[in-house]
Amino acid sequence: MTPTAKILLLGSGELGREFVISAKRLGCHVIACDSYPAAPAMQVADEAEVFSMLDGDALGRVIARHQPDFIVPEIEAIRTEVLADYEAKGFTVVPSARAAQLTMNRDAIRDLAARALGLTTSPYRYAESAEELRTAAAAIGVPLVVKPVMSSSGKGQSTVRDLADLDAAWDYAAAGMRGDRVRVIAEGFVDFDYEITLLTIRAQDGVHFCAPIGHRQERGDYRESWQPAAMTGAALAAAQDMARRVVDALGGHGIFGVEFFVKGDAVIFSELSPRPHDTGMVTLTSQALTQFDLHARAILGLPIPGMTQFGPAASAVILADRDAEDFSVSGIAEALAVPADHVDVRIFGKPVTRPYRRMGVALARAADAESARAAAINAAGCVRIVYGDKT
Ligand SMILES: Nc1ncnc2c1ncn2[C@@H]1O[C@H](COP(=O)(O)OP(=O)(O)O)[C@@H](O)[C@H]1O
Ligand SMILES: [Mg+2]
């Protein structure tokens, strides 16, 4: 059979793996790429390529060799100039090379959202030295959140509550920077009531929204998420309006994870990913079409007629706590026996563990979001990484 489409997936983690499954169900041929072999998405893809996606020459060679219909980034750390070159040559980058470029730099997407579109954000300044950070802090005040403009998963990010800690925050950010840009964003700390991800789909038949996803972060990484997050109608309408404006400004087809802080009825735009979002793993159990199905449909130009939500659901992550190659996973039976309307687990099959590395996720549905959260956390706690002798 001639495939529906040929997809080059850049990044092969757990989000990529679920996306490959969704794309394969629609008849696509998928080449999964990452910097290490046997990555989660490679386990289910048609072909795999192992190289650093920050190596522009290697990336260009792989695109040229496979001639994909769609280039689908799954991660931020990609030589995005190469994506722009290939887009100019007629290849389709999802959702667009510009979206990939703008969102890999916190300053670029913040300037678009706050300055060009006028969305409400926390007060912010940029700094390229410890001294400039002091000036920024004097203007914004404490508490202050300092983040490298190029970083993800909380790397190099810290909250400064006392100006005496500012130099340490600079040093920590400088050590956590990715790429060659020595620049941080200093943001006023938002004392939010809760934070959400609004999965927003830009498809051939318009812009669609999933029910808002609440989540809890620790050390810059998500620990649990639930859907729907309880929000007032006014707050949800404000978030949807902002999400629509920012995805329309970025253009292209695909799903976007748009992050907001909410305090009362005030909705503050934080950041977004032009791809499935880790907190959106809850959709593996909460919706008829998961965020991965929706991404695949949007990319392929298919319609999205409805968004069936099955009711309160939650996800909770399963983390490793050390470096190991020799390990196994146990406790799945106990996890699946946790009482709830529905419980499931996904084990990512990553070849090695690291401290805090996400190895799996537990999913649950229940009568209300609190019960679903409790069940997902309980199930995640049942799953144990058992380390072998060689660790
Ligand atoms: N200005 C802020 N005020 C309060 N909390 C923040 C702020 N910025 C980030 N955070 C917290 O840190 C988490 C990670 O920050 P984020 O900007 O989303 O970085 P990343 O790209 O690593 O996800 C957020 O989900 C939120 O919990
Ligand atoms: Mg984030």
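The backbone N, Cα and C atoms fix where each Cβ goes, glycine too.
All annotation found in TrEMBL is predicted automatically rather than curated by experts.
Worth saying up front: this structure is predicted, and the values here are computed from it rather than measured.
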Candidates Asp162, Asp265, Asp278, Asp293, the one TrEMBL lists with Glu14, Leu15, Glu74, Lys350, Arg357, Arg358 as binding N(1)-(5-phospho-beta-D-ribosyl)glycinamide: Asp278
Per TrEMBL, Lys147, Ser152, Ser153, Gly154, Lys155, Gly156, Gln157, Glu187, Gly188, Phe189, Val190, Glu195 bind ATP; matching candidate in Arg106, Arg115, Arg134, Arg223: Arg106
Residues among the binding-site residues Arg106, Glu271, Arg358 that border ligand 1 - Cβ under 6 angstroms, in sequence order: Glu271
Spatial neighbour of Arg357 (N(1)-(5-phospho-beta-D-ribosyl)glycinamide binding site) that is closest, considering only the binding-site residues Gly154, Phe189, Glu195 and their CA atoms: Gly154
Gly154 (ATP binding site): secondary structure state under DSSP, collapsed to three categories: coil
Assigned element (helix, strand, coil) containing Arg106 (ATP binding site), judged by DSSP: helix
Minimum Cα separation from Arg106 (ATP binding site), reported as the residue among binding-site residues Glu14, Glu259, Asp278, Lys350 that achieves it: Glu259
